[in-house]
Amino acid sequence: MKLAVIGGDGIGPEVTAEALKVLNAVRDDIETTDYDLGARRYLKNGELLTDEDLASLREHDAILLGAIGAPGSVPPGILERGLLLKMRFALDHHVNLRPSKLYDGVESPLRNPGKIDFVVVREGTEGAYTGNGGAIRVGTPHEIANETSVNTRYGAERVIRYAFELAQSRRKKLTLVHKTNVLVHGGGLWQRTVDEVAKEYPEVAVDYNHIDAATIYLVTDPSRFDVIVTDNLFGDILTDEAGAVSGGIGLAASGNIDATGTNPSMFEPVHGSAPDIAGQGIADPTAAILSAAMLLRHLGDEDNAVRIETAIAADVAGRDNSQPISTTEVGDRIVKALQS
């Protein structure tokens, strides 16, 4: 396996090191290439993501990312658009995959959360995040700004098909989330596409929630969900709420996936770079290790993905949450569990 590694900023390199430690415990064929991408490189020479970087990344089977960001040093939007979004569009990461699971031993902010185990499949390259818009008369009382949400049948269908395949392998329930009563054009396209693709998956039960209803159900009845499929903007909202109800983004992993396999997909923890605790050895690497398990599953190594997830579940359930996390100790415990 040829693996591109982007440690990034803050705690990113620390948690990525533990994810690699775990990967190497279950596989002996991993060849890694490290990439200096993120705030550090930008502040040093102004570079974000060059054509040469992209060409080199494309030579790998997958990408493992730690965290990107330097709040206070780099203005908002520069790293997001110049690095992360550029990579997403260049590598056609049209599926953003966000599992949400409440592990034993983890406290949810919900009083009676029930069983939380669902996945959000978010479209990643269309919608309101394409940069299609503009502004005139900026800074005047007559300023006008618009953002155009772009939805194509091709873009929606490939993500919807991915979601149906995922639902088929899980509990066989898919929920479309949109706002079809108001966003009649884009929402109508999504609804029609789901209805048509659903005919090919008769075993999958399909329902629909408006985005406002879905945000309520995530708090009042999260166990109703199995696979949620939605567009870019609504997915951005739902995935963070999903992370919150299942114990926080410290345990949240994600995948940015080219489902065709043409380009390497990228896997990363949801948390940020947390520069305030960087270098102290107290960052929780669990989400990064879960991201590594997602990476293996994407590449077809289901057995080792399950082994890692099982070891993580046991480790999380057995933690003394009154004690501080040790980054390296978490990685060591999971490796030991895998080797026992």
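The backbone N, Cα and C atoms fix where each Cβ goes, and this holds for glycine too.
For reference, Swiss-Prot has these:
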- R88, R98, R122, D212: substrate binding site (BINDING)
- D212, D236, D240: Mg(2+) binding site (BINDING)
- G272, S273, A274, P275, D276, I277, A278, G279, Q280, G281, I282, A283, D284: NAD(+) binding site (BINDING)
- Y129: site 'Important for catalysis' (SITE)
- K179: site 'Important for catalysis' (SITE)
Nearest of the binding-site residues (D240, G272, A278, Q280, D284) to K179 (site 'Important for catalysis'), judged by Cα-Cα distance: D240
For the binding-site residues A274, A278, I282, the one whose C-beta sees the most other C-beta atoms within 10 angstroms: A274
Which listed residue (R88, R98, R122, K179) has most other Cβ within 10 Å, given these are recorded positions: R122
D212, D236, D240 excluded, remaining Cβ within 8 Å of their centroid (Mg(2+)): I211, T215, L233, F234, G235, I237, L238, T239, E241
Secondary structure at D236 (Mg(2+) binding site), reduced by DSSP to three states: helix
DSSP three-state assignment for D212 (substrate binding site): helix
Distance check against R122 (substrate binding site) for the binding-site residues D236, G272, D276, keeping those with Cα within 10 Å: D236
Local Cβ density at Q280 (NAD(+) binding site) - other Cβ atoms counted within 10 Å: 12
Mapped DSSP class for R88 (substrate binding site), helix or strand or coil: helix
Neighbour-count leader, CB within 10 A, binding-site residues: D236, D240: D236
